[in-house]
Amino acid sequence: MAGHDGGRVSMDAAGEMRYLERLYRHRGFVLRRSEVDGTVDCVAIGFQCTDPEFRQQFGDEFTITLSIRLPSGYPSAAAVVTVNRDDMPPQICRTISQALNTYCERHVGRPMLIGALKWLDRNLVELFRLGNAVVNQEHTRVAGAEPSSSTVHWSSAQQAQLESALARVPKLADVPASERWERIASLVDGKSAQECMERFKQIRDALRREQERKERVQRIRENISEIAVDSRPVADDPLPALPSVDESAPAGSIRVGFSSIQLINVSLVRVRLARFSLQCASCRANVDAELVPTQVKAVTCGKCSSVITCKFVFEMAHVANARIGSLSLDGAALADYLPSDVWATCANCSADMSVNRLDRHARQELLCHQCHQRMSLVTAEVVFETDERGLGLRQQRVPKRSHVGDASEKRNKGPEQKPATRGALTIGTSLPDFGTCRHYAKSYRWLRFPCCGKAFPCDICHEIGTASAPHEMKWALRQICGFCSRESPVTGKNVCPCGRSVTRARSSFWDGGQGTRDQTTMSRKDGRKHAGASKTTSRKHERVGPKRA
């Protein structure tokens with residue numbers, strides 16, 4: 001192809017168009033020619049990424065429409081690429097378009113489209129992450145720019161008087177701050193010293209946020225330029241250095257999201273009130289926390305009175321990002337996600353609709369109050385990832401855990417031992433004691449109760465574990481396998497997808513149905529092998545005939 005070294009066959013612009021037509025003719029390939037000279041000036045294709053990580057997250061049929069404009073003199077002039085998809089945030093579309101255009105500008109002088117598509121196939125996951133960072137930063141900037149109720153009544157004249165007073169009354173070491181603000185307030189019509197000080201702090205904080213936003217945007221643009229530096233569009237080229245985590249999340253935090261999310265007529269989802277079940281690091285007791293995004297909250301353990309500091313930073317979830325935020329903890333470990341309240345943005349009119357208690361494996365049907373558009377939101381399993389800078393993102397691995405909400409007593413009478421540290425449920429690891437409790441020794445599962453969203457080994461453990469906040473118990477509809485921690489609906493068969501039975505195998509024979517009644521195959525050590533062998537067999541039916549009914 002064009003631009004390849006090592007004696008490979010070069011390709012001109014016409015050959016490139018024929019190649020693209022053969023490759024994408026079944027995926028929306030559209031070619032438009034110029035009315036002046038008949039040359040190709042615009043191409044549209046439906047691009048599908050082949051990266052396994054991308055396909056696992058978005059599906060095999062996720063298609064992005066690329067509109068490519070070829071200027072006169074191509075390939076001496078760079079092609080211009082525009083990304084289109086209605087259910088994707090425009091920030092992500094612009095990020096991908098900017099990266100592709102940067103790539104094309106660096107490969108002027110030879111056909112560049114095939115190499116650009118191969119490069120996009122290798123780096124689309126990272127471009128989505130950069131686009132998600134832009135979405136979160138712009139939303140934070142808009143939210144931070146909203147004025148508070150105490151400072152919305154400043155006129156332009158009062159603002160000018162405040163600026164002049166700040167310059168006339170400088171900050172001196174021997175003058176108390178209260179006296180300085182009294183002097184400033186005397187120069188501003190209709191404003192007290194407290195109002196002038198709050199206005200000054202608001203303007204100062206807004207300027208700082210704007211400066212930080214500009215610096216973050218500049219870093220993102222530099223990252224995009226670094227991605228597009230790849231000068232050899234060969235499939236086996238090494239990938240450029242890319243950032244693996246979002247710098248907006250603090251190091252050591254836990255990323256919270258769903259394994260997949262389906263949105264119909266919903267453009268964005270953001271958390272309004274997050275709820276989590278935590279485990280105290282001192283006494284291992286369970287503590288429930290309700291967190292307002294971006295606010296630090298201190299929660300006191302009800303058993304040992306230890307102070308737990310937690311903060312939840314939300315992310316904008318959409319069709320290309322199923323993550324809802326990151327959780328930072330000090331003095332506790334994450335035990336479980338509880339149903340949280342979110343905002344769902346209508347894709348038609350951008351109105352925000354409140355969704356209360358959004359749970360895993362749930363389907364929420366909404367009706368927009370502004371444009372009356374039907375909206376649907378479907379969630380899957382909750383996924384936790386540990387954010388460790390320098391190591392990237394990995395799924396959280398936890399040691400053996402104690403029961404989630406289990407209030408059962410210890411069976412052994414030895415010296416009391418400190419229970420093991422527990423983390424969030426991890427698929428592939430067994431539950432403590434394989435999900436059994438002292439009330440049901442043959443029940444190898446935990447039940448998730450919809451009344452509170454928590455998991456308990458049984459209904460009695462639920463009543464004991466929720467004694468501090470009693471409520472009416474609802475019938476559990478989902479269960480967690482005690483052998484693999486996989487969550488599934490409660491069915492009559494009570495068999496987990498891993499193939500293990502989560503309840504006692506019912507049989508009228510011994511060993512819980514695992515024995516045998518065939519005396520010929522029975523072990524000689526089994527007392528039932530020769531049972532009844534010396535019994536007298538009745539032969540009356542041979543003398544008088546069979547018994548009448």
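Just so it is clear, glycine is given a Cβ too, placed from its N, Cα and C backbone atoms.
Automatic prediction, not curation, is the source of TrEMBL annotations.
The domain 'RWD' annotation in TrEMBL covers 15-127. For the domain 'RWD' (15-127), the DSSP-based tally of helix, strand and coil residues reads 48 helix, 23 strand, 42 coil.
The average per-residue pLDDT of the prediction over the domain 'Myb-like' (146-204) is 76, rounded to a whole number. Residues or ranges marked as domain 'Myb-like' in TrEMBL: 146-204.
Per TrEMBL, the feature coiled coil maps to 193-227.
Annotated region 'Disordered' per TrEMBL: 395-425 (among others), in sequence order.
Under the heading compositional bias 'Basic and acidic residues', TrEMBL lists 403-416.
As annotated by TrEMBL, domain 'CHY-type' applies to 430-500.
As annotated by TrEMBL, region 'Disordered' applies to 509-549 (among others).
According to TrEMBL, the feature compositional bias 'Basic residues' maps to 526-549. If one looks beyond the compositional bias 'Basic residues' (526-549) by at least 6 residues along the same chain, the residues whose Cβ comes under 8 Å of a Cβ in the stretch are 519.
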Original post:
Could you count the residues of the domain 'CHY-type' (430-500) that DSSP puts in helix, in strand and in coil?
Top reply: 11 helix, 14 strand, 46 coil
